[in-house]
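Asker: I am attaching a structure below and will ask some questions about it afterwards.
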Amino acid sequence: MMSNPVRLLLLKTPVATTEGPAEDAPLRGEEPGSWDGDSVPHRGGQTTTDTDTLPCRRRRNSGNRPGDDMTDASGNVGLAHKKAAAKRKAGSSALGRVVTVGEAMAAARRHPVPCAFAFFLLFFMGVEYTLRMIPSGSSPFDVGFLLTRPLNRLLAVRPVLNSALAALNTVFVGMQTAYILWTLLLEGRPRAAISALFMFTCRGILGYSTQLPLPQEFLGSGADFPVGNVSFFLFFSGHVAGSVIASLDMRRTGRRGLAGLFDTLNMLQVLRLLATRGHYTIDLAAGVGAGFLFDVLAGMYEERGAADGAQEDQRWASHGSCCACTCHG
């Protein structure tokens, strides 16, 4: 029979004291991010999954889940989430709800420009449907002619002043042309030139398609451009469109002071053309829009050309590398 001291010694002796720390060290030294749910080594050479013996680690949710207050105990979507989804779906339809006065006022404060356009749409619809049209035998009605009638009378009795203003206007047209040629030939930027070519081509087509009558109070001058009292297209104004094209290019290159000067001279040009009856108001307004339009079209043409050129260069580069491989192979 074994004595009591020996029995106590055997009870206090640990089992496999040399194997435990050596095998537990990698587990304690492991990074938490390296546990990916696969098998984890344990004592005795056995493998068990972390879902069996280890507490489940929280994984990041890559998708959108409803909140905890919208799910039941089994994880299914609850009634609150379904009600919220139905409410969002009903609110997303503009035809399924009535806009209140407060919402309309808030929309007008947040978006004043579209609301102003909507108001003027309704206003001019009423004007158009109630206005009496101009008879076929009468001269066109032009608001610009009415506003510049005193200047027209002044220039009619002073032809020298009329010729001087025409000469200054011709100088301004020369400034536009010189700037556009400068950007093309010296700066290597063809956008303004392309825009001007687009604009004058479209102006020729439209001007020939609809040949408007010359205003009755037209005041011509030999110093005006085109030189002499030759015929010209009324719709639309190439003077105004060319000035807008040059001004937009100046702003694009940071020449804001020069662009402001061109805009000021362009407004004076508009005033003179109305006073001399060289263009109708619609011709001048369409000239401003044409300047913006053809500048955008020229920019799109440049971007498309740059993209096509890059693809062509890449195709030639790949073709050259293949040839090089074949030659040296």
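Glycine residues also receive a Cβ, built from the backbone N, Cα and C atoms like all the rest.
TrEMBL annotations: computationally assigned, not manually curated.
In case it helps, TrEMBL gives these features for our protein:
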- 12-74: region 'Disordered' (REGION)
- 113-131: transmembrane segment (TRANSMEM)
- 141-299: domain 'AtPDCT1/2 transmembrane' (DOMAIN)
- 164-185: transmembrane segment (TRANSMEM)
- 192-210: transmembrane segment (TRANSMEM)
- 230-248: transmembrane segment (TRANSMEM)
Asker: May I ask for the residues of the chain that lie six or more residues beyond the transmembrane segment (113-131) and have a Cβ under 8 Å from a Cβ within it?
Answerer: 107
Asker: Give residue numbers and ranges for long-range contacts of the transmembrane segment (230-248): same chain, 6 or more residues beyond its ends, CB-CB under 8 A.
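Answerer: Residues 169, 172-173, 176-177, 179-180, 192, 195-196, 199-200, 203-204, 206-208, 210-212, 214, 259, 262-263, 265-266, 269-270, 273, 279-280, 282-284, 286-288, 290-292, 294-295 contact the transmembrane segment (230-248) from elsewhere in the chain.
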